[in-house]
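TrEMBL annotations:
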- 14-48: coiled coil (COILED)
- 77-139: domain 'BTB' (DOMAIN)
- 1071-1131: domain 'FYVE-type' (DOMAIN)
- 265-297: repeat 'ANK' (REPEAT)
- 445-477: repeat 'ANK' (REPEAT)
- 478-510: repeat 'ANK' (REPEAT)
- 555-587: repeat 'ANK' (REPEAT)
- 621-653: repeat 'ANK' (REPEAT)
- 654-686: repeat 'ANK' (REPEAT)
- 736-768: repeat 'ANK' (REPEAT)
- 769-802: repeat 'ANK' (REPEAT)
- 837-869: repeat 'ANK' (REPEAT)
- 872-904: repeat 'ANK' (REPEAT)
- 905-937: repeat 'ANK' (REPEAT)
- 938-971: repeat 'ANK' (REPEAT)
Amino acid sequence: MATLNDSTDEAKTLVQMEQMLSSLREEYRKVQNSLIECEQKYETLQASVDFDELPEKSFARRLVMNTRELFESEIFSDLTVMLDGHEVPCHRYVLAARSDCWNFSAMANMTALNFDNISYNIGYILLKWIYTDEVDHRLDEVMLIELMQVAKRFKLSQLIERCERLLIACVDEKNCIELYKHAYELNAPRLMESAASKIYSFRNEMSPDRFDILPGVLLHELLESKFKYPLHEAILLQRKDAVDLCLADKGPKLCNRLNELMNVHGDCPLALALASRQEATCRTLIDHGADVDAKSRNGDTLLLYFLKKQDYWACEFLLQHAARLDCIDPVGGGNLLHVLAACKAESATDKEILNTLIQRFLSSGISAINSTDSHLNTPLHLSIIHDNMALFNGLMKIQQLDLEILNREGLPALWYALAKNDAEFQYASALVSRGANFNAIRPRSGDTLLNLCVIDGLLEAAIYLIKKGASVDVPNAKGETALYLASSSGLDQLVQILLNSGANPNVQTKENRDTPLHVAIRRIYTHVIDSLLGEKAGSNGCRRVPLLFEIYNSNDDSALSLAISLGFYSVADKLIDFGADVNAKMPDGRSLLLRFISNGTVEGALYLIKKGCCPTAVESNSPAPLFLAIEHGVTSVVSALCQCGADLAAKNANGDSPLWYALCSNHESIADILVEHGADVDCWSTGPNGCMQTMLHRAIDENDERIACYLIKNKCDVNAIRKEGPCGSGHSEAVEKQTPLHMAATWGLLDVVSALIAYGASINAQDSEGKTPLHLAVINQHLAITERLLQSHHIDLNMPDKAGLTPFAWAVQGKADQICVAILKRNPQVALQVDSAGYNVLHNAIKKQDFELFLFLLSVRVDVNVRTQDSERLSPLHIACRVGNDLIIRNLLCAGSRINDTTSSKQTALHIAAQNDKALVCSILLENQIDATALDNEGNNALHVAVQYGSMECIQTLLTESNINPFLTNSKGYGILHLLGLFGKENAASILVSIMCIIPDYPIEMPDPDGNTLLLFAFMNENYLLCREAIRAGACVGVCNRHFVSIFNYPMPSPKLLFRILDQLDHEPKWAEGDSCSECKVKFGITTRKHHCRHCGRLLCTKCSEHFLPILKYDIPKPVRVCNVCYDVLTSGVSQN
């Protein structure tokens, strides 16, 4: 039952644990040593407590320190210790302080002390401890035990305790038993406890012989103190003396101890003794009341347990001591007969014991004969399974034996007898002769015994049952009969026997709906197939059940379709010869031909066609065989169908012809076959919005170049135009009048365009908008197609569309540079054509600053002086000056552009550059000697235009780099300052500063024909900054024009601008001149004197300048005459006014 060592740890785990324990021991030693040192310090401090002085200077402390120094010293020595031939100087007072054995009275007259029977090493360690209170914690257990024995001799309790602590740290699995014994002898309870605990921990790793050193009493004491089951342990250690001591207790505890269970195996003391064959111990246990029918934790009695282990010595011992036979196996659920059925006996003695058990049990009661175990096996089942003929014969003699009991697998005893498959069928014959049912059915699967024999390949057993009259057509839960199972296993001999016995070959299985013929074909059992297709009349005059060929399984396979699918054509030939139909319909209504084409079974389809299958049969909801063959790309099948008369003009559900379908499926080899057999390559059909189109139109419209090229190469109509449908549908597509070449050029299909040109398509055909294929190629910027069209000698480059644009114009408009290059290489003169705006390609290239196209046009020597055909009549140079591209301008001048050409308004390139503030362009033109004095229709030179449009950089360039007249007035009498005041923008003030810096003496008050000055125009346009800069430049604030208008009386929504100008005056302005008051218009004379406002400089009468104020910002501290407006400004400020 239990083994001496029931530990299951692996060696690696044990090594790791030992290493860990070794580390823990070392740490324990260190802790013990630290504890000892702490105790020493504590004792010293406790002895030297003196609150008046430090512990280090106390008397006790100094006494201890001096004693340490006296070890092995001759100083003050009054005693010599004789130690194993050595003399060690010692001191009486030190020895007396350690033990009463050495008190002063005992050693009063001693001068020498002999340590008998003590080795030098141990004696030296002893004396060192006496003086220094130190013991080396690295001493091994042998020296510590010897030291401890010496300490006990001299009554050194402190040293004994110290050694005991150090030994506790040394306890391990290897020395714990020895240390336990020494601890007992030395009366070291703590060491004894530690060793006992270690023994308990490592008990399972210790062999029994290691405990031989312990006396029985000491071992019994150890077992009683540490182990829960001391009796069990004593038996395991095979110590009869300890067992007797454990049984010495006569109280109620003994009864419990005799039968209590020990470990997870449920071992009782008697079981342990029987397992190790300790016969004397077994008898002692029984004599003390041990139960021979005791049960283990799992419920096995001792007899049942040892019978399972086939320990017949233990069984015989238990039988001799009247063990009970009516026990039940708690694990298997059977009785002793079930266990006996599996027992084997080799020796004669064991066989005798087994026979005795069988006879005793069979005679004990009939009710147990038919009992079942947990697997519902009866003893009859198990006797057959384990080939226990003795038990089987004994059971068969009992009339009450039930032969039809099924076990948990649903099998009777007869099945196991048949499974023996022995030649004589001894077990089976005995059971059948007793009336066993040979048609028994297994409930779980529904298989009869005949079915099970076929499944397990028990051919002889199956034939045995058939001869005994077993039913041959009983299906199992899956619908499989014995004939089906025999056919699936290739048992042709058994198939023949079953058929001759009347087995039905047409029975189908439930799940796959297979017949025996199906499964025989699938598994290539030709002999079985031959047997199934054999003669109708069997041997011995038996009639077979007719074989049906039109039975379909769950995959809709008949026997014929299955044979063809698997490539068993020889089998298919046999089936056809025996009546299978090649045109038979499957359950879904399809023919076998469609089935094989859709499955990709090419050889099967060809086989059916060869065997006369109809290729034109129309089937509902199924495509024609030709379309299906095309869909799956089976060329050989398509060829065979064409040869058999398939309709090549038929349409599928989508209205596609076979040729189109083949091309769309990327099967050109099939398409070749169809064309070869007369398929129409145009095949007009319905197109977008119901129009009529050819397959070529459709291929191009779907961007399928491969199909289009194929149709072109096979002589389709390359100039066909879409037509209206039967009811006028598709009108918009029809009126477009686009040929296939138009469509290909639009969609960018280069290969199609090349093929169309090569096969004679009209290259200059125009659609409804007048566009040729070249127009469409250029518009869609298909360079490769354009180049291919230009290669044609018949291409017309000057043909305009209804919008008047040639292909070159469209190329320029679309900025298709490479296309332009291609067209110009073909014909350079097309560049002179103008668009609806009057611009030619050069004008547009400059306008769009397309430098590459511009350089290309120069390279082909385009006329650089051609004017635009519009009202402005601009030359290329004018346009370049307008956009301000200096590179284009320099190249135009180098190419011969006339620099002084004027526009329709007489403006030169300099005018245009100044107008658009292109200072760099102005410099370039001036460098190239342009006439800077040229005037336009309004008499403006370039400087006038620059000032008018606020082109500051151009103004600076013109004033510094040219000989232009800055004082010139235009036809309206305006100079540059007048124009600045009239048209000045945000930078007008900066322009004025720039002009005055370049021409310091420029007349700032130059009047126009109406007497208006720069200041007046700037004020009228509310340009404050320009007004401020004009005043700073010396303009008179109070000046009036010929209509007596000044900045003081010019109508304004608010006087704020005037006040702001006056407030910003920082020095006394120039005085105005005249013959009348600028405020009230009174003429000056004898009675009316002239005055000037000292703040603004206006000419005023006395009445209009009656205020006097000091003007501190002018450094005028005395009151001076000011006008009413200035008075308000100076007294109230700008913000209030």
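Cβ coordinates come from backbone N, Cα and C, glycine included.
A TrEMBL annotation is a machine prediction, not a hand-curated record.
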Structural state census, the repeat 'ANK' (938-971) (DSSP three-state): 17 helix, 0 strand, 17 coil
Residues of the parent chain within Cβ reach of the repeat 'ANK' (872-904), under 8 Å, 6 or more residues beyond its termini: 842-843, 846-847, 849, 851, 854-855, 858, 864-866, 910, 912-913, 916, 918, 920-921, 924-925, 928-931, 934, 936
Folded-back contacts onto the repeat 'ANK' (445-477), same chain, C-beta under 8 angstroms, at least six residues removed: 410-412, 414-415, 418-419, 421, 423, 425, 428, 432, 438-439, 483, 485-486, 489, 491, 493-494, 497-498, 501-504, 507, 510
The domain 'BTB' (77-139) - residue tally per DSSP class, helix then strand then coil: 23 helix, 14 strand, 26 coil
Helix, strand and coil residues within the repeat 'ANK' (621-653) as assigned by DSSP: 16 helix, 0 strand, 17 coil
DSSP-assigned states of the repeat 'ANK' (837-869) in counts, ordered helix, strand, coil: 16 helix, 1 strand, 16 coil
Distant-in-sequence neighbours of the repeat 'ANK' (769-802), which means Cβ under 8 A and at least six residues beyond its ends: 739, 741-742, 744-746, 748-750, 753-754, 757, 763, 808, 810-811, 814, 816, 818-819, 822-823, 826-827, 830, 833
Remote residues contacting the repeat 'ANK' (621-653) - C-beta distance under 8 A, at least 6 residues beyond either end: 589-590, 593-594, 597-598, 600, 602, 605-606, 609-610, 615, 659, 661-662, 665, 667, 669-670, 673-674, 677-680
Integer average pLDDT (0 to 100) for the repeat 'ANK' (445-477): 91
